[in-house]
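Novice: In case it's useful when we look at the structure, here is the feature table from TrEMBL:
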- 25-44: transmembrane segment (TRANSMEM)
- 50-70: transmembrane segment (TRANSMEM)
- 77-95: transmembrane segment (TRANSMEM)
- 101-122: transmembrane segment (TRANSMEM)
- 134-153: transmembrane segment (TRANSMEM)
- 159-183: transmembrane segment (TRANSMEM)
Amino acid sequence: MVSTTDYPESDVNLSNTLQANWRPLLYAGIILAAIGLVATLAPFVTGISITMLVGALLVIGGLFHFVGAFRGQGWTGFVWQVLLGVIGVVAGLVVLSNPIFGLLTLTLAVIGYLFASGIVEIVMGYRLRGEKNWFWSVASGVIGILLGAMLWAGFPSTALWAVGLLFGINLLVTGVSMVAVALGGRTLDESTESGRVSGAGGV
């Protein structure tokens with residue numbers, strides 16, 4: 001039997017935390033997975049919703065820049081804060097007034113991210129060649145670039161589903177992984193409780 005002294009203290013603390021909090025993690029994972037499933041089944045509605053949220057955040061960010069402009073000191077700082085505020089508010093209002101345009105822009109941003117992150121992963125994997133499992137980084141980068149190329153080839157029609165679908169899949173995978181981790185924590189909790197009962201019975 002392996003004792004907890006065979007593991008680093010941080011791992012032991014993490015295990016204890018997981019045992020004590022597996023139920024909230026399980027519930028949160030189920031909720032995220034459910035939201036992700038709904039988002040995956042209705043990618044256009046999800047994409048529009050995300051676009052509207054981004055627009056609202058841009059307006060709020062712009063207003064905060066205006067507040068910062070009048071609270072700050074110095075003419076140069078004031079001009080930059082006002083300029084950033086105007087850009088944020090105008091961009092946010094444009095997105096809110098025309099969410100389809102905003103969705104197209106978000107899709108382009110996603111395509112750019114897939115290309116950039118794919119290249120970085122390939123370079124990192126290549127630099128780590130010879131290390132165990134280095135190929136997975138290269139494979140992930142290639143998949144990212146291929147996905148970006150697919151979205152770009154079908155643009156702008158891919159904007160109707162790309163953002164919402166990718167967001168939904170991400171939430172779904174995250175939720176499922178949280179449920180899996182929580183169930184593992186429950187198993188640890190039950191094993192620990194069983195050991196305590198057995199120990200008490202032997203006294």
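Any Cβ shown, glycine's included, is placed from N, Cα and C.
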Novice: Please figure out which one of 77-95, 101-122, 159-183 racks up the most CB pairs under 8 Å against the transmembrane segment (25-44).
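Specialist: It is 159-183 that shares the most Cβ pairs under 8 Å with the transmembrane segment (25-44).
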Novice: Restricting to the same chain and to residues at least six past its boundaries, which positions have a Cβ under 8 Å from a Cβ of the transmembrane segment (77-95)?
Specialist: 51-52, 54-66, 68-70, 101-102, 105
Novice: Are there residues at least six beyond either end of the transmembrane segment (50-70) with Cβ under 8 Å to its Cβ atoms? List them, or say none.
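Specialist: Cβ under 8 Å, 6 or more out: 77-78, 81-82, 84-96, 99, 102-103, 106, 163-164, 167.
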Novice: May I ask for the residues of the chain that lie six or more residues beyond the transmembrane segment (101-122) and have a Cβ under 8 Å from a Cβ within it?
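Specialist: 47-48, 50-52, 54-55, 94-95, 137-138, 140-145, 147-148, 151-152, 155-156, 158-160, 162-163, 166.
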